[in-house]
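Annotated domain 'Major facilitator superfamily (MFS) profile' per TrEMBL: 53-500, in sequence order. Annotation comment: TrEMBL describes 50-76, 96-116, 128-147, 159-182, 194-217, 223-246, 315-338, 350-370, 377-397, 403-424, 445-466, 478-496 as transmembrane segment.
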Amino acid sequence: MTELQGQDSKPTQAGDGSVEMYEFKASPETLSNDLDNASVWESIKSYPIIIFYCICLSIGPLIYGFDNIIISVITAMPAFQASFGSPHGSMTIIPALWLSLWNAFIQVGVMIGSAINGPLADRFGRRTTFGAAGCISTLAVGIVYISDRSSSVDSRRGVYLAGKIILGLALGMFNSTCQTYISEIAPQKLRGPLLSFFTFFMLVGQLIAVSLVLARINIMTPSSYIVCFASQWGPSGFAVLVGLFMPESPVYLARRGKLDSARKALCRLYPSTEIDTRMRKITETLTTEAENNQNSAEISYLDCFRGTDWRRTRIVLYANTMQQCLGVTMLTNASYFLQLGGMAATHSVMISQIGVGVGLVANVISWFAMSLLGRRLILLWSTVLTGLIWVGVGIAGCFPSSVSLWFIGIAIMVVGVVYGLGVGGTYPVVAAETSSLRLRAYTQGLGFVINGFTSWLFNFILPYMFDVDQGNWGGKLGFFFAGLCLITLVVIWFEIPEMMNRTYEEVDEMFAKRLSTRAFKGYQSERADNAKKVDG
């Protein structure tokens, strides 16, 4: 491993994929300590540009949230049911098969988009893949927009499905790129809140979707749902613009050996006084990771399953399955589910709207809670409370009545609040901060593949479990999710470590030492000890 002697030297990329390092004149240990020990409020005041770009990239999760819930709430619109539904007794319903296909196959698209995004983002950069996702999303919305113009109902359903699959491809690219980029530029103290933007803006997208449907649910013409489709063009176009003006990830540029370009990108993100220190931290971390993986000159998905990276990948995969195990798909299908139980369409959509709204507030609270209490504790307690609420829903489902139906509706709202306070706000942080910088794009891609797979699985099987022309489980579904909460609790206890207030160098060190899950919290880093000696 060579080292560049001075900041004006021409950067090159080593044969093993590592980066060359600058030699800095500043006192890096002291400067790193000062940056890492800044308070959350000091960090907010110091990094407004980073926060701005993180908000811009969160347009991806917003589109994802909008589309995740629009299928379920739009099925409650009488006009949509008239165009895409079938008669069932005195009701017009969306057949369970098509509801499952729409919900599930968009996740197939998400899986494909997430899988291809890892190598694409590492080859072409984060900016290019994000902008490309915006273009694909714009095309997909156009297909959905014209889906009701086919003559037969099955053709309309098929065109709608095709548009959703293509949109899923864009969403997978959005999600993976967003979390990879934010994790690479976020200051340590803001890493939790900024990565939790994913859930916050996903909920914002859901709230927009539910509010739009509620405002137009009593319009009995096709324009009621077509306006909902067309509304996605705005954020898709904005995503294209974000891909054009955002700075490229300094970590990506440094990994490609473009150190001068990485410095320029840092200058667009951080105060000028921090550039040398930030540059040093990036190159040092990448070089250390490359030295620890000398047998792997070319990076591939297989590297995510080797050595200590397999443990890190496992945690990312666990984190991306938690939301489904806690019942988030049931939350997004709540309006249609409650309508099947006999609740009026306006009331069922209103419950979804209120649930998403209070979930937003809960998610904001989680930003501060995870910075004070840590990730692991919040995950444990929110899983326990969610499981108990689902037990209550299951019991209520054993005694069908209008009172129990309203209890189930309110309980589902409470699940949304507890989920937002805990797992909803925390799982994206755990998933993004666990992987090594070297494999981040690939690991995030894998994470969202699993996220998409579990979403596909649950979105496919749940309509068969609760639809009246199939399983008709009703509230008894609560017992199913309570059991999954118990399994999730066991996984968190044994597998998910505490990484609050840790630099990526410290995270690398702890995984390299193969610490037990519960040893992470109290571990004293060798780097911290060395820094104290230098300061002393």
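In case you wondered, yes, glycine gets a Cβ from its N, Cα and C as well.
Quantities reported herein were computed from a predicted structural model and do not represent experimental measurements.
Ranked by Cβ pairs under 8 Å to the transmembrane segment (50-76), the stretches 96-116, 128-147, 194-217, 377-397, 403-424 are led by 194-217. Highlighted: of the candidate stretches 96-116, 128-147, 159-182, 315-338, 403-424, 403-424 has the greatest count of Cβ pairs under 8 Å to the transmembrane segment (350-370). Within the same chain, the transmembrane segment (315-338) packs against the transmembrane segment (403-424): three or more Cβ pairs sit under 8 Å, each pair at least 6 residues apart. Of the Cβ pairs linking the transmembrane segment (377-397) with the transmembrane segment (403-424) and spaced 6 or more residues apart, 3 or more are under 8 Å, so the two regions touch.
Looking just at the domain 'Major facilitator superfamily (MFS) profile' (53-500), the mean pLDDT is 88. Scored by C-beta pairs under 8 angstroms, the transmembrane segment (96-116) has its highest count with 445-466, from the stretches 128-147, 223-246, 403-424, 445-466.
Proximity of distant same-chain residues to the transmembrane segment (403-424), defined by a Cβ-Cβ separation under 8 Å and at least 6 residues beyond the stretch ends, is recorded for 199, 203, 322-323, 326-328, 330-331, 334, 338, 341-343, 347-348, 351, 354-356, 358-363, 365-366, 369, 378-379, 381-383, 385-386, 389-390, 392-393, 396-397, 475, 478. Sequence-distant contacts of the transmembrane segment (223-246) (same chain, at least 6 residues past either end, Cβ-Cβ under 8 Å): 53, 56-57, 59-60, 62-63, 66-67, 70, 74, 77, 79-80, 83, 126-135, 137-138, 141-142, 144-145, 147-148, 170, 174, 181, 208-209, 212-213, 216-217.
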